[in-house]
Amino acid sequence: MKVVRLPTFDKSDSDYRGQVMSNNARSTKGMMGVNSLPVNGGGNVLRKGLPISVQTKPSAAGSSMTNSRKTESSPDPKDHLLLMASRRVWFTDPKHGFLLGQIVDLGADKVTVEPDSSGMRAGSQLQVAYESVYPAEDNSSQDYDDNCSLMYLNEATLLNNIRLRYERHQIYTYTANMLTAVNPYVEIKGLYTAETIKRYQGKSLGTLPPHVYAIADKAFRDMKVTKQSQSIIVSGESGAGKTESTKYILRYLCGSWGSTAGPIEQKILDANPVLESFGNAKTTRNNNSSRFGKFIEIHFETNQKVTGGFISHYLLEKSRICSQSSEERNYHIFYQFLAGAPAQLKQHVRLGNSKLSDFHYLRQGCNQFFGEKGTLRDPIVDDIKDFKETDTALSHLGLGDADKVAVYSVVSAVLHLGNICFQDDPDDQRGGCRVTVESEADLQVAAELVGVDQDELRQALTSRVMQTAKGGTKGTVIMVPLKVYEANNARDALAKAMYSRLFDYIVHRINQSIPLKSSTAYIGVLDIAGFEYFTLNSFEQFCINYCNEKLQQFFNERVLHDEQTLYEKEGLGVSRIEYIDNTDCIDLVESPKNGILSFLDEESKLPKPSAMHFTTEIHKAFPNHFRLALPRKSKIKEHREIRDDEGFLIRHFAGAVCYKTTQFIEKNNDALHASLEGLVQESRSPFLKNLFTLTASLHSSTQKLTGKLTHMSVASKFRMQLSELLEKLRGTGTSFIRCIKPNAKMVPDVFEGGQILSQLQSAGMTSVLELMQKGFPSRVPFAQLYATYNGLLPPRLSSLDPRFFCRALFKALGLSEDDFRFGLTRIFFRPGKFKEFDQLMRNDPDSLSQMVASVTRWIVQSKWKKSQFAALSVIKLKNKILYRREKLVVIQKTVRMHLARKQNRPRYRGIMQLRKLESQIAAMGQTVAKLKKDRESSQKEVDKVRLELAAAIQSIKSNVKIRPENIEKLHKDLLGKCDSLLKTLSQRVEAEKNAEEQEKARKMREEMERQKREKEEQERAKQLEEEHRRKKAEMEARRKKEEAEMAIKVAKQKSVEQQNKSNLNDLIGFTDAAAVEQDKRDVELAYRLAQESNGNATMEEAATPTQLKRSNYVVNSRAGKKYDLSGWKYSELRDAINTSCDMELLEACREEFHRRLKVYHAWKARNRGGKASSEMDERAPKSIYQHQQSYQPSASPSPPPGGIPLQRYFRIPFTKDGQNRGLWFSHFDGQYIVRQMEIHQGKPPVLLVAGHDDMQMCELKLSETGLTRKRGAEILEYEFEKEWNRNGGMPYMRPLDRRNS
């Protein structure tokens, strides 16, 4: 909810031209105050923080929807209350609205008030808040025609004035140009007679007592003067008298300004009883409540005669046709026809002697008649009399007897349709229903009246047609049976469709009877349902209250906003008032994308719409909206029992209303299903058929397709009609009539103040009071005021300018400037002041002659003053000319100096600025001198800039017309070049300096790094030397140990060999060796013989060559081994040694491989003769083989600890061929040699690697070579690797490294 400050509304000039406020003496007294007491003209003088003064209008309590307002700063009102202790005040009362009382004491937040002795609470004292206390009139029993004439304009005095007038049967009261009408519920004699109509013809507002005829007359005169259409908006709650006020307005317009109720006018008047019969009904709040809205346009020709009319209707309450509450009735036409129709006519439409209780659509509510035939009484409603008027009016409107019978037949058909009941059909397996036996008679009558076959009507009510997408272009038609509740809904839908289309037809025939011929303007009367709130509120109340929100917004714009805008345009300086803008509530309802109506339409288009889902989506979309709340937030107990998904609460401008949404979707969709639509189209009744065709044609512009997704919903249709209505209203001048309902029981002479105060606040009347008290409700253009009164003045005065004439007139009359204001185009009057002015102008001739004399005297004085002012002005002009002549010389001299300075000063300043750059160029020369590189090129650049500077200075000196911006450009260019060059030179100097420092730093770092490396190398060499010394000591200790162990083993072996040798010689003789040799030769001979005989001779297995007998050493070495490698080839053993990662297999292969090498080399040595060949086959120094001959180990030595073979390196002298002396290097991996190198002077080195050069390498084990016991033979690893790498040897990878990689 947002509070905005208003602009205004411009009434037509004639709105206020005749605005005459009564009781001028009383009003003048009100402006002066009582006992010199400062008063707050219309506000709450007791409200804290509000000023009380004569000049400012009070900050009235206004509407209940407006916030408390403050004007200028002022003393605490409690100081003024001390002065008011003897005065009476109004204080709020829930029942009576306000009660009179007297202030007894003042508290911090409340006032102690003693009620008046004549009041309901006499003798007691009450604590009342400051905001609830208002000042009372001195004479609280005096009433006023216009509320603006009150001394204090506030809610309390407004309500009291209306109460006083109501008690005196004065039901009409003005508030400026708006009319407040209180329903008397009784006929007031002489109030609406033809004489009364004549009395109000052509009279301005305020000239006669307030009356609805005065508003109608004002609208007609405004239309006549301004040539603009007018609208009269009649608003109020149900039962406030809107319909009656509308009838009286139409009667006045048609009977007064028309051709004395001619044919057209009479038809317009006859439309009212017809519309009331078919569109009005008895409710709990009104016996003749309009259940639809209507806007009646009366069109006029150029000569102001009625030429035709047009009626627009809105939102007929269709649900009332099928159901009503216990105290309400259906539409009047049902009761009127049963009560007043002739028996023959009732028999013709199959009603006969039927009673109200015979029909389901009537017996749910109050089944009583109004008038003689029933128990209900009302001064306006009488069913028998009203039927006769309706029937006569239909005839006047052009309906013949056949048309009327057709209309009554539809009414009867609706009643008989309501009597059709359904029950479950046990024979239908799909859960369908059937018509009950008791309803067959009504079914037959209804079918006859509708013009269809009885079985067709039965089928259409108990089943519906569903068309599938398959089965051809038109699909497959399937009959779907309806359940009982679905059949009831279909029946009610058909009844509502028939009645609503009948209502459309009646309005259409009325418009046809009053056609438009040539209309220049029209007067429209809007009568629409007022704000409604019940214990149970549904879709109808939602739409009605939405409409009232829109009308309230229009009222705010037209009365409050536009009025203040006019004050601003005319420059009156009237302070603005605040009011509640209900735009947020309207947006909540009608926003195109996420409004409540949009959600409702979207939900209706779903395959299975749900009211619960619709309500839930509303609450989700607006969780924190000020205007929307859950039902549990309501202050009514019945509303709090509604679940969150069954309703919502909206805070309207008139108060919060809780809506139950269970039937929103059904009521929003008024489309018939295909079966019923087809049934009506096949009707034999041309009238009924035409009803649906006519309705379709009326909506053809907005609805061309049918179906669930394309059918226009009720809410969308109403929203569109409402938009069109407001568009019409905005294009017309507007008058407002606020109808007030005095009590809820609808009885005369009962005034319920609390309820009426709420209605006044909702209607915005309190805000209007505040605006009128602050503003100037009466206004007249200067030309119109001049034209009105110049005839009363002599010719010498009537020829004046209108504006000057008005000023002269008001000065002559001596009117207070507080009572009127001059605007730009018109003059504005305070409430009641225009009447005083008019009375002064129309006084007796003596007073008029005195006024003319005063005006003449004021004009003469004004002209004399103007002449004096003119003479003085001429003398002043002469002195000014002389003074100016003297000063012109000074001005010329100064201008010349200024021009010279203006021309040359930029050149001087430019040259001075350029001279300053010379010092910068000199600094650049010093910078160039510091350069060691590119000095000459830099100097050339500096010289170039120096030359450009000199050229620029010379160009400024030589060019007198050079522009300052060109000088500035030269300076900026040179300054930029100097700065850029200086920066470049500085960078060069800085770069050279940085380069020198970097070079010095680089050399220092290199020297430090070199010293550090030397120191580290020395330390490393020292550590390495210590490590080598340690390792050599360890090698020497290991050699000595092995040498001692070997000596012991050799001694033992010699003793064992000697013993074995003696034993062997004894056991084995020469004969064994000879026998073996002989056997070998015999086998060879037998084998050769077998080959020569070409297979004739066979050789036994025993004759094959026998294998050599293995030595005991070989046999013993193989015993207990894991791997038997005797069958492996030489190449397989070598590949296994080179590639295997299995250490055990690797050792076994090595041992077998070297054993075979030994055998091979031993065989080779035995079969090679001569010394030379023996020397050529030297693979190692002889000392190694000599040691092998002297020591034959019995088994392999035990592996080293950890299972990882030791890497040992040896270097011994090697003399080859007896001449070449050199060195022999060897690398043993465990017991087997893996690398071997021979270095001889003058010959290339020989580098051998195991696995590739095994035949040329030493085949002995390390333990067989005796190298470990030679002094100085073993060397360190780095010594071997150094020689190996120096001679181009490849790196060696141990078997363990192969396995890890």
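Cβ coordinates come from backbone N, Cα and C, glycine included.
Taken verbatim from TrEMBL:
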BINDING   Gly236, Glu237, Ser238, Gly239, Ala240, Gly241, Lys242, Thr243  ATP binding site
COILED    914-948  coiled coil
COMPBIAS  55-68  compositional bias 'Polar residues'
COMPBIAS  69-78  compositional bias 'Basic and acidic residues'
COMPBIAS  1186-1195  compositional bias 'Low complexity'
DOMAIN    142-842  domain 'Myosin motor'
REGION    722-744  region 'Actin-binding'
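Scoring each of the binding-site residues (Ser238, Thr243) by how many neighbouring Cβ atoms lie within 10 Å, the top position goes to Thr243.
There are 23 other CB atoms within 10 A of the CB of Gly239 (ATP binding site), with all protein chains counted.
Mean pLDDT for the domain 'Myosin motor' (142-842) in this predicted model: 86.
The ATP site, placed at the center of the C-beta atoms of Gly236, Glu237, Ser238, Gly239, Ala240, Gly241, Lys242, Thr243, has further neighbours from the same chain whose C-beta lies within 8 angstroms: Asn183, Asn286, Ser289, Gly530, Cys739, Lys741. For Ala240 (ATP binding site), applying a Cβ distance below 8 Å and a minimum sequence separation of six or more within one chain yields Ala181, Asn183, Gly530, Cys739, Ile740, Lys741, Gln759. Within the same chain, residues at least six positions away from Lys242 (ATP binding site) with a Cβ under 8 Å of its Cβ are Val234, Ser235, Gly236, Ser290, Asp527, Ile528, Gly530, Cys739. In terms of DSSP secondary structure, the region 'Actin-binding' (722-744) contains 9 helix, 8 strand, 6 coil. Other Cβ atoms within 10 Å of the Cβ of Gly241 (ATP binding site), summed over all protein chains shown, number 26.
Residues within less than 8 Å, Cβ to Cβ, of Glu237 (ATP binding site) and separated from it by at least 6 positions along the same chain comprise Arg285, Gly530, Phe531, Glu532, Cys739, Lys741, Gln759.
Within 10 Å of the Cβ of Gly236 (ATP binding site) there are 25 other Cβ atoms, across all protein chains.
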